[in-house]
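These notes are about the structure you will find just below.
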There are 4 protein chains.
Amino acid sequence: MNNPLSMLVSDLSPQLQAWRRDFHRYAESGWFEFRTATLVAEELDRLGYRLQLGREVINADARMGLPSAEALQQQEQRAREQGALEKWLPHFSGGFAGIVATLDTGRPGPVIAYRVDMDALDLNEKLQPDHLPFREGFASCNSGMMHACGHDGHTTIGLGLARVFKSLEAQLSGTIKLIFQPAEEGTRGAKSMVEAGVVDDVDFFTAVHIGTGVPAGELVCGSDSFMATSKLDVTYRGVASHAGAKPEDGRNALLAAAQATVGLYAIPRHSEGSSRINVGVLQGGTGRNVIADRAFMKVETRGATNAINEFVYQQALNVIEGAAKMHGVEYDIALMGAAQSSKPTQPWVDYIHRQAQEIAELTSVVDRREQAAGSEDATYMMERVKSHGGQASYVIFGTELSAGHHNEKFDFNEQVMAVAVKTLASLALNLPTFGSKA
Amino acid sequence: MNNPLSMLVSDLSPQLQAWRRDFHRYAESGWFEFRTATLVAEELDRLGYRLQLGREVINADARMGLPSAEALQQQEQRAREQGALEKWLPHFSGGFAGIVATLDTGRPGPVIAYRVDMDALDLNEKLQPDHLPFREGFASCNSGMMHACGHDGHTTIGLGLARVFKSLEAQLSGTIKLIFQPAEEGTRGAKSMVEAGVVDDVDFFTAVHIGTGVPAGELVCGSDSFMATSKLDVTYRGVASHAGAKPEDGRNALLAAAQATVGLYAIPRHSEGSSRINVGVLQGGTGRNVIADRAFMKVETRGATNAINEFVYQQALNVIEGAAKMHGVEYDIALMGAAQSSKPTQPWVDYIHRQAQEIAELTSVVDRREQAAGSEDATYMMERVKSHGGQASYVIFGTELSAGHHNEKFDFNEQVMAVAVKTLASLALNLPTFGSKA
Amino acid sequence: MNNPLSMLVSDLSPQLQAWRRDFHRYAESGWFEFRTATLVAEELDRLGYRLQLGREVINADARMGLPSAEALQQQEQRAREQGALEKWLPHFSGGFAGIVATLDTGRPGPVIAYRVDMDALDLNEKLQPDHLPFREGFASCNSGMMHACGHDGHTTIGLGLARVFKSLEAQLSGTIKLIFQPAEEGTRGAKSMVEAGVVDDVDFFTAVHIGTGVPAGELVCGSDSFMATSKLDVTYRGVASHAGAKPEDGRNALLAAAQATVGLYAIPRHSEGSSRINVGVLQGGTGRNVIADRAFMKVETRGATNAINEFVYQQALNVIEGAAKMHGVEYDIALMGAAQSSKPTQPWVDYIHRQAQEIAELTSVVDRREQAAGSEDATYMMERVKSHGGQASYVIFGTELSAGHHNEKFDFNEQVMAVAVKTLASLALNLPTFGSKA
Amino acid sequence: MNNPLSMLVSDLSPQLQAWRRDFHRYAESGWFEFRTATLVAEELDRLGYRLQLGREVINADARMGLPSAEALQQQEQRAREQGALEKWLPHFSGGFAGIVATLDTGRPGPVIAYRVDMDALDLNEKLQPDHLPFREGFASCNSGMMHACGHDGHTTIGLGLARVFKSLEAQLSGTIKLIFQPAEEGTRGAKSMVEAGVVDDVDFFTAVHIGTGVPAGELVCGSDSFMATSKLDVTYRGVASHAGAKPEDGRNALLAAAQATVGLYAIPRHSEGSSRINVGVLQGGTGRNVIADRAFMKVETRGATNAINEFVYQQALNVIEGAAKMHGVEYDIALMGAAQSSKPTQPWVDYIHRQAQEIAELTSVVDRREQAAGSEDATYMMERVKSHGGQASYVIFGTELSAGHHNEKFDFNEQVMAVAVKTLASLALNLPTFGSKA
């Protein structure tokens, strides 16, 4: 193990905790990461990284599941009141809170990139003494927004890496890129950064997560079981009519949504792997005695591969359209999020595996795990990197959790952040050894 | 009461019974009335009526619910073996068993027309001693075909009228038309005769039925509660696939039909009157472990008015198309039958009422009855006659029934035929009094 | 025409307008009529009527569609702040704002009763200058509550009758009952008053409505086309589960509701008259990627007769239960409202007709009208009165409307109130002539 | 390689072809294998095997998907006319055509058992010159029954093994059991033999199949991808009614089946492995204008494991029951077939692998293959053998096919039978070496 690195990270630990607790306290949901992003930019700028911000790293049209303009404005104002830095805020205004920080060592070498995400969940944090963030005073002060998936930790890890790389710049060659992504929840943000080209020059790519059921002390070097997914908002628009007096004048949007719902669940299974379909939300109608003129559905499809998800997605489009036709109503579909399935590249997994074996805190290092792990839009970045021949992986650092992800009492052991910084930093520091056998 | 008429009909009674029992024994379903039609034509020709036959009185393209060419050929051969007259058979070959017989008195006067139907039902007659047609030896000898709706009686009444009018020709003026229609069951035949123009010159039109729950001795002078209807055969065509090995390769026609079925029943009620929808038959799939590539439905819509039926029909088309779209299958719709709603003209109902009061056997004479009476394609003729200012009605002669219509043990009291002949003949004989008060 | 009556009502007109505008301004929705009821009670008490209040005239268990205890408490507090009289408020607390005022003349004679309703609709009144109540300053000050169906006028008519009868008490015999009912909207309140016995002694019963599309100057003496109805709230309770990770652990309440919805619309038509079914509202699920553990539906059934509505209602219960069974979820059904169909008694309609012909302002008097008129829970009172041999009717006074009922810009011509008071008072004043021909 | 064995089998080849072609010509579908079974019994008896027949080896109550008594009787008569031996027929009468032939060597040793199946498919064989069985005169002479899955070959292999073991009896120790099973198609017969105890004493069990897409010359030693399955026949019974005149009197069995169909396809996916659901056949209703009083569905469930299939099966029961409840109809469910998933035991797969490597005709020997292979009821036998600690596997001998399984032009290369006999015989001959390394 690299001793200077260990000491550096050890010294950094209090700062890591401070950052994380600040981000946790001012939790900001997807596309609302205004305060977080200004603080991140400030620190990176202070360290001397070259910054690309906002529209430079986010393709406006490729953003999915964007909140309304009003909501964005309100939240920007809220961020301002909570200490967002005016210096950086204009870059992120309107749903553009993405940052890419680049450290060009001036020495020849490949581009190695790390991706962390910054958004919280739409959830109220539990305000009870048995919940550590509340007890220690850093529970979310933003109603309906909570870091219950550890992205506050991820952002912190990104900043920790920035400090470490700057300190050890002399030992590095090539280029380091730190990617801070908004709106990973709902798999909404990564595609817009990919479309802006942020990983087009990347040779080695690693996305990071903590927790997710992996035991403390364990590293998963190449999580490969993300399902491809599509998130759809469907709105049916019909014609209202008095259900007693003039039923024949109505065009029943609620009935169309109900028929669509059963049709969606009835989409065929696929012989080549897992598939999923869900209508998580259905809201239709205004009054008991009125033929409903509007119904709204939140739908998602998944597939073990991109092809399987595409199969389910295309079938879903047919079902949604057919149900509209059946009941004479109009419909809109909005793509609110999407992610791909993506396998890590084995050489990079092997390399990470070897590096991790040098980290004392990691008592178990594995390549993959059996359990399916939901969906992740870092897969868009992985696929892009792989498409031009780069190496890519998705790593998970195990940690103790106080409650499961997306739970109102979620919390993690903060020591995992230092372990992650140390391990991830070593990937860049030892990169010249990539390709040689352990 | 016209005494010569009464005596004439009384003398005719044994012949009426003989005709009816012969038609009953050789029951022929819709578009298969080959033998019946040749015997009818022979008698009318013998009496000296001017005949229009087959394609002269039936518009080929307006026929609905036609059986296959093979079935038509087989049944024609069957008819030949059962005594159909070769002299007339070519006229009716291929599903054209319609006849219009005209008696032009040479004296000025209006055209008065009667419509009777000739077809049997697709039903096996009950062959048991407690069923009179079996006991007396005239039960149907044709498997799957039975006169269970009294059309054998209607055809007989038509021939009885032909005899009477010829005998009393000297008392008549104007023109008499006797219309013998095929394929009333399923409301398939009348439209094709209307499209051939057979009622275009008719001033007074009367369609005839016996039974239908009207008590013996009662005449309904203007049955007005027929619902408009459309009969659809729907076929979905998908793609078969092994349900275990390759479910994703199938396009499930059976599932489309199932969703269409629930969608069809869910068509809105109409505030302006009764409507009906039924999927009477659904057949889909070939094997348990195969995604069904074909499903077939027999559907019918009804409405208290033509507009209501049209509403249901259009909604049904949407549902059928939408369900196909939902599950990626193709579909065909064939219109197998149709009828309209049609109100009798009141002056003609009043006139019939007055004439009927002179008939001793009719102990009750009513204008209409409350009960809905299904559908009837004579309504096409009534609407056409009314469209050029003519008078039209639909009369029902009550009689005892051994079992309900469309039942395998249906039978009626044969005396009703003489009553009908007498009453209907009197309409023409006394026509000069139409318009004067009773 | 009774001249003293005309003069009396003429003098009363400014007071009628004042009452109506006060009630309109402080519109109170069903079961929240706290302020209105205390003012009504105060006036009736002042006039010397014998009062029965709250639980005396409302059977607690027979109330339907009651709001939550919290909402009732909040609204009571709101009423208090808006001038509800503490003297009467305790009687009405908790959803008991019903009043029966009795005038016993001391002279022998029958019991004649009038029913008016007091509740507003859950609607925001349009606050625009072209809307007279806003322009003249009496638009509703209660958010989400608006008199958009004229019940403010009905309550006023009831008070007008109270004044008139007291003034002309010497000319009356028998007993007068004035019934002030809560929660007619949603057909929730009448049954609870019937179950408390308030019409058990009534010989002549008249319910009153204004507007509903009847032209100004016209009286409908016996509106008879109310459909029987049932209002159901249905809640499905399943088990939530992550739709990607553990779909098999969910019990999908939303899917059950969707299948119930299509099943409900597919309930058979009824041959004996109109029927209706509607799922006006469906709300299910919490998040896109969660199997929904809860779904809620607002359903209503209707039938041209009580038997037809009962048929639809029983079928609906089967569908709701079956859908729960299909998807392994639990369900609750709450009956939120109900009304019956009820025909007026013809002698009473004839009598009202004769009296109305003496009222100069009524330029048209008709017995009934063809158009279906939705549902009304006064039918419960009518049926009860008829069940013990009493006479009952439902009258509608035509008036100009600024917009249709239940519209945010609804308003009526206030002169209709005086016409109604005059006409309805004459029914009692001339009651001894009931039974004699005009 | 065992030379005497090779020579023996070589000599046997013409007999194998003769047997196979005779069985093919007189193809008998599941539970109808009367002629086949008598010929098999005759040969085994002639060779001196101890026979257990019919009810001795088939538990009557555990048979699934049994045809009607009439059909069984007709087919028995057909078999008699096609040369079934009267000597053995009574044993098999009524759907009991199962045989277990035992060779007890008298020397100590384990029990080794082989299972072959004897039934044909419900299919018409293609009678065209390009189809070898037709060209060479042994195409099926039984309409609607065809050996299109190779069970004629399996039965022949069983007889071939019987000859070989008898010839080489001196080299064997322990006990040999040959199991001839009826009704494998539809997975209907194996369970009844297991319930009769036929594998309760078996130490080494091998089931045999030919073809199934495995290349010629290849042996799959341990096919492990059978899905557990359940086959259900569902009948809904409602009440018929005239759809126009009395829709409310019907109880719509067709509508219940349609709702069940969409509900069945909507059964949740399972996170632990593949699942399947199919409604392969739906037949409902009798006439277009009749509310259907009967509907029939052929349903099947599958799961990658017994637990997953059980999950789908239980959900299906709920859906079927719930749909009946929704529409007020009765229902019956008949279990027509079932199979389990079952993994071969690795030591036995290894042993088979080693033996197979000695067979010259086998150019490729593999343990398993990726592709899912449908369902097989030999899994019941495997599970039973494993439950008492025995070794079990399922082997597949590759061969050229003229068309896919279950195709009307299916045929295989008859040489595969000799290869199978040789390989399978060697398992018993070399059994003492089981457990030693190759």
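Cβ coordinates are placed from backbone N, Cα and C, and glycine is handled just like the others.
Just so you know, TrEMBL annotations never went through curation; they're auto-generated.
DSSP assigns A:His151 (Mn(2+) binding site) to a helix. Here TrEMBL flags A:Cys149, A:His151, A:Glu185, A:His209, A:His406 as Mn(2+) binding site.
The feature domain 'Peptidase M20 dimerisation' is assigned by TrEMBL to A:233-313. Residue counts for the domain 'Peptidase M20 dimerisation' (A:233-313) by DSSP state, with H, G and I taken as helix and E and B as strand, are 24 helix, 31 strand, 26 coil.
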Cβ-based neighbourhood (8 Å from the centroid) of the Mn(2+) site, residues A:Cys149, A:His151, A:Glu185, A:His209, A:His406 excluded: A:Asp117, A:Asp119, A:Leu121, A:His147, A:Ala148, A:Gly150, A:Glu184, A:His405
State the mean pLDDT for the domain 'Peptidase M20 dimerisation' (A:233-313). 95
If you tally other C-beta atoms within 10 angstroms for each of the binding-site residues A:His151, A:His406, the top scorer is A:His151
Cβ contacts of A:Cys149 (Mn(2+) binding site) (under 8 Å, same chain, 6 or more positions away): A:Ala120, A:Leu121, A:Glu185, A:Gly211, A:His405, A:His406, A:Phe410
Greatest C-beta neighbour count within 10 angstroms, which of the binding-site residues A:Glu185, A:His209: A:His209
What DSSP gives for A:His209 (Mn(2+) binding site), in three states, is strand
